């Protein structure tokens, strides 16, 4: 189980760094926001298949990959940068990140349920 979390975390962290460094023109906030929302979507999808896959797969994907891909520390660092120029924008950024993250997780779960229910034998 620990190896699955380690492998997923390494892959998620590497992918986050690739997105953060290799996509030109994205600001620090846009990059972190998009990555965190994408991780929430994947987490929602994984939640939808939790009863259909082995626990190691869930740990690899949810704890490892999504944990490595998303990053609370970068989010907080982004909030500190925002606060330097506009303190009142911080609650807005927090609210948007939470709202979009929850929304992405719900969409991921719905799509996962839809995708897997269509392919399940009757």
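Note that Cβ sites are derived from N, Cα and C of the backbone, with glycine treated the same way.
Its Cβ taken as reference, residue 67 (Na(+) binding site) is surrounded by 19 other Cβ atoms within 10 Å in the chains shown. According to TrEMBL, the Na(+) binding site annotation covers 67, 70.
Sequence annotations record features per position, and here TrEMBL assigns transmembrane segment to 30-49 (among others).
As annotated by TrEMBL, transmembrane segment applies to 56-76 (among others). Cβ atoms under 8 Å from those of the transmembrane segment (56-76) belong to residues 1, 4-16, 28, 32, 35-36, 38-40, 42-43, 46-47, 50, 97 of the same chain, restricted to positions at least 6 beyond its ends.
Long-range Cβ contacts of the transmembrane segment (88-107) within its own chain (Cβ-Cβ under 8 Å, at least 6 residues beyond either end) map to 29, 33, 36-38, 40-41, 43-44, 47, 75, 78-79, 82. The transmembrane segment annotation in TrEMBL covers 88-107 (among others).
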- Query: Going along the chain, which residues six or more apart from residue 70 (Na(+) binding site) have their CB under 8 A from its CB?
  - Reply: 12, 16, 35, 36, 39, 40
- Query: Hey, does DSSP put residue 70 (Na(+) binding site) in a helix, a strand, or just coil?
  - Reply: coil
